[in-house]
Amino acid sequence: MAANMYRVGDYVYFENSSSNPYLIRRIEELNKTANGNVEAKVVCFYRRRDISSSLIALADKHATLSVCYRAGPGADTGEEGEVEEEVENPEMVDLPEKLKHQLRHRELFLSRQLESLPATHIRGKCSVTLLNETESLKSYLEREDFFFYSLVYDPQQKTLLADKGEIRVGNRYQADITDLLKDGEEDGRDQSKLETKVWEAHNPLVDKQIDQFLVVARSVGTFARALDCSSSVRQPSLHMSAAAASRDITLFHAMDTLHKNIYDISKAISALVPQGGPVLCRDEMEEWSASEANLFEEALEKYGKDFTDIQQDFLPWKSLTSIIEYYYMWKTTDRYVQQKRLKAAEAESKLKQVYIPNYNKPNPNQISVNSVKASVVNGTGTPGQSPGAGRACESCYTTQSYQWYSWGPPNMQCRLCASCWTYWKKYGGLKMPTRLDGERPGPNRNNMSPHGIPARSSGSPKFAMKTRQAFYLHTTKLTRIARRLCREILRPWHAARHPYMPINSAAIKAECTARLPEASQSPLVLKQVVRKPLEAVLRYLETHPRPPKPDPVKSSSSVLSSLTPAKSAPVINNGSPTILGKRSYEQHNGVDGLANHGQTRHMGPSRNLLLNGKSYPTKVRLIRGGSLPPVKRRRMNWIDAPDDVFYMATEETRKIRKLLSSSETKRAARRPYKPIALRQSQALPLRPPPPAPVNDEPIVIED
């Protein structure tokens, strides 16, 4: 019952989205609307993930400690050798990376922003406290639902400010304390230079005479306000003018004038009414206009007694001293007393607490086991496992959980276990640091285990945006041994041809462990390599002479710039057309493909430039309807990566491939965006390979 009772001042979780983390808010008011619902007026707290990276770097810089150390000959006296440097918190350095990662999830940023949210969106209580340097950082991790903050975030101005004052430590900021005087020792300092007397207690006047002089000073102040036009506007009645003249600034000025005139009342009265007119003393209550007073009350309602923020956001033309002085005078006015009584009456009529039952509705991100398609991949699990059990949790990498939740973009098909989902909703992050953060070289998104072997995704963030994600297969030593010892059980060729057939990796591992002691005693049988005789090698070299070195190739930009849309020939697509309007490889590179209707095009003699399968003729003009788009003069962007394609080689491409050396073929495969310079030469007709010699006698070559 007490856990579901929420009061003003509680820190609570609010849920605004089923997939996003909870919002952390502090309840300021509980109001009941006209339709009977309860709304909570709350103060916003922001997480590190909610603010920009530049402000995060500024916050991390603020978290460093300034340590002063002394070195050199003046270390004892402190006269020289004092150096100040910024170092990281030593306690933060000793923490492991996992705890550092989780500690960042506990840091919040306070804001002055208020918003109203439905009370039914509350999902639980939490605790938020100001960062205390005397407490251990681990203490924040040991307590559940515990957060801390040290900076104030302004979502409108996008700035960070310190929430408390700082005390600077060091000889430059501390007062010099003199030595303690001994008993009977006199102070040699001149006290007249250290103190200023403003009133003489043993003066010749009695208290009655001083009171009469103060009455005269109030009368002079009232008369001065009657003569001043601006004061007449601000104080329209005689009663208000007399009240303004009776404030402390008039009395202090009268007593100061009496002290300066050596307590001679006649001279003091003459000083209050000089030749130009009576002296007018006004304080901050009279200096401020009505509009400025309204701005101050509005700022005080929003920021409280944070006079620095009041000055910056509402009254930048006023000094901080003037604002503070006006505040303490404003508290003595009748307006403040009336507002205080009105707020107390409103607080009595408002709700003090509200009961919110537990939220038991199912989350839309829950993964239903019955709705998962029952198709598995090699290594996803043994027969009898639930579908999709091979995909591990993105946070803790477990494969067993009573409930799974979808997490991240839908195309990534990532999921979290029940405990990690709760951690994600409360703390706004994963338990383990990700590889994208640069904190560990562990698995990344879409961690799958084909054939029961751990797979590690690529750490580059660009792969996270692709529909099909590349992965790196890291085989262990035991896996490589199992491929040889348990070949009849594993059947690697069959598994490669049927990647959707499940493989019982546990049984293979057990069988490999049983066969391993026997296999270590028998030597490994290596496959014998049959070498060709020397005569066959000589005949092959005679038949296939070394091709001449090609001429230097022009740069890709110059080659592409010389082509015009009318001279650009499309590529014949011999594969099946894409479905659902998917773009082909040629469309990604700015070249449209023609449909192949059973026609065969032959390579012309002037077609001497190939861009990895795309021919660019210089003289042949293709007759077709419409115009071709120009070729893009840039490399293919990784975002525009094509879908999987099927390349069917023709007789023309086979002939062209035979004209290229192996180094040119490999170079073209490594740089598919580079054009291929093909030297036009008549290819020699291929002769059948010579038969192997009958005799095994060596061949002797005489000079």
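Note that Cβ sites are derived from N, Cα and C of the backbone, with glycine treated the same way.
Annotation comment: Swiss-Prot describes 553-565 as compositional bias 'Low complexity'.
If you look up Swiss-Prot, you'll see Lys182 (among others) marked as ubiquitin cross-link, on the strength of similarity to another entry. For Lys182 (ubiquitin cross-link), no same-chain residue lying six or more positions away in sequence has a CB closer than 8 A to its CB.
Residue environment of Lys549 (SUMO2 cross-link) contains 8 other Cβ atoms, counted within 10 Å of its Cβ in all protein chains. Here Swiss-Prot flags Lys549 as SUMO2 cross-link, drawing on similarity to another entry.
Sequence annotations record features per position, and here Swiss-Prot assigns ubiquitin cross-link to Lys614 (among others).
The region 'Disordered' feature in Swiss-Prot is assigned to 437-460 (among others).
Annotation comment: Swiss-Prot describes 542-583 (among others) as region 'Disordered'.
Under the heading region 'Interaction with RBBP4', Swiss-Prot lists 644-674, citing similarity to another entry as support. Applying DSSP to the region 'Interaction with RBBP4' (644-674) sorts its residues as follows: 18 helix, 0 strand, 13 coil.
Under the heading region 'Disordered', Swiss-Prot lists 661-703 (among others).
The zinc finger feature in Swiss-Prot is assigned to 393-420.
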Residues in the zinc finger (393-420) grouped by DSSP into helix, strand and remaining coil:
6 helix, 8 strand, 14 coil
